[in-house]
Amino acid sequence: MARGCLCCLKYMMFLFNLIFWLCGCGLLGVGIWLSVSQGNFATFSPSFPSLSAANLVIAIGTIVMVTGFLGCLGAIKENKCLLLSFFIVLLVILLAELILLILFFVYMDKVNENAKKDLKEGLLLYHTENNVGLKNAWNIIQAEMRCCGVTDYTDWYPVLGENTVPDRCCMENSQGCGRNATTPLWRTGCYEKVKMWFDDNKHVLGTVGMCILIMQILGMAFSMTLFQHIHRTGKKYDA
């Protein structure tokens with residue numbers, strides 16, 4: 001009976017991690033596609049030039065894919081080393097997530113202040129050479145989120161000149177509309193808009209975060225259960 005339950009657990013863990021691995025492959029593929037097809041779409045931050053959407057997706061996809069591979073192989077081969085490695089990787093990821101979450105809430109005001117400062121410094125690079133990605137990023141987010149600047153539209157004045165904003169700040173976008181002082185503009189800053197989006201979707205984001213946490217804990221529990229069984233018996237059990 002116990003052997004049958006453990007066999008079931010073994011294949012459940014394999015299937016669970018196979019799905020995990022496939023998701024990682026999908027994310028990696030999307031990240032590479034973004035990097036190739038949207039090469040000019042970069043980060044908003046001059047302090048972290050490599051922190052683009054494509055690079056983030058590639059990094060997350062790689063971590064998920066490697067973790068899923070360790071879990072799949074460790075479960076199907078009943079390999080103690082791989083199962084332990086899988087457990088440690090999940091534990092490190094879980095601890096890192098908790099530490100980052102705690103630090104974020106403890107230093108939230110400082111994070112907001114530094115983020116706004118860094119984004120405003122990035123605006124100064126809007127029309128400079130070799131920063132087409134940053135320009136495209138600002139144009140897209142301002143058009144999609146109906147916002148202008150970091151805190152408000154006046155953030156653009158030191159960059160583009162008095163009473164001048166990018167055309168994407170106009171409520172009705174047209175060539176040169178940002179130079180017309182009478183043109184209706186999106187008044188809300190993009191930083192505030194992003195915060196509003198997170199606030200509006202906090203329940204969905206919280207649910208997703210809880211699901212990820214449960215999956216990590218289940219993965220750790222499954223791997224340690226198999227590890228302990230193999231360690232006690234000192235041999236593989238028949239599938």
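Note that Cβ sites are derived from N, Cα and C of the backbone, with glycine treated the same way.
These figures come from a predicted structure and were not determined experimentally.
Copied over from Swiss-Prot:
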{"type": "CARBOHYD", "residues": "Asn180", "note": "N-linked glycosylation site"}
{"type": "TOPO_DOM", "residues": "1-13", "note": "topological domain 'Cytoplasmic'"}
{"type": "TOPO_DOM", "residues": "35-55", "note": "topological domain 'Extracellular'"}
{"type": "TOPO_DOM", "residues": "77-85", "note": "topological domain 'Cytoplasmic'"}
{"type": "TOPO_DOM", "residues": "107-203", "note": "topological domain 'Extracellular'"}
{"type": "TOPO_DOM", "residues": "225-239", "note": "topological domain 'Cytoplasmic'"}
{"type": "TRANSMEM", "residues": "14-34", "note": "transmembrane segment"}
{"type": "TRANSMEM", "residues": "56-76", "note": "transmembrane segment"}
{"type": "TRANSMEM", "residues": "86-106", "note": "transmembrane segment"}
{"type": "TRANSMEM", "residues": "204-224", "note": "transmembrane segment"}
Sequence-remote partners of the topological domain 'Cytoplasmic' (77-85) [C-beta within less than 8 Å, at least six residues beyond its ends]: 10, 70, 223-224, 226-227, 230-231, 236-237
Chain residues outside the transmembrane segment (86-106) and at least six past its termini with a C-beta under 8 angstroms from it: 17, 63, 66-67, 70-71, 74, 213, 216-217, 219-220, 223-224, 227
Integer mean pLDDT for the topological domain 'Cytoplasmic' (1-13): 72
Three-state composition of the topological domain 'Extracellular' (107-203), taking helix and strand from DSSP: 57 helix, 4 strand, 36 coil
Structural state census, the topological domain 'Cytoplasmic' (77-85) (DSSP three-state): 7 helix, 0 strand, 2 coil
Asn180 (N-linked glycosylation site), number of other Cβ atoms within 10 Å: 15
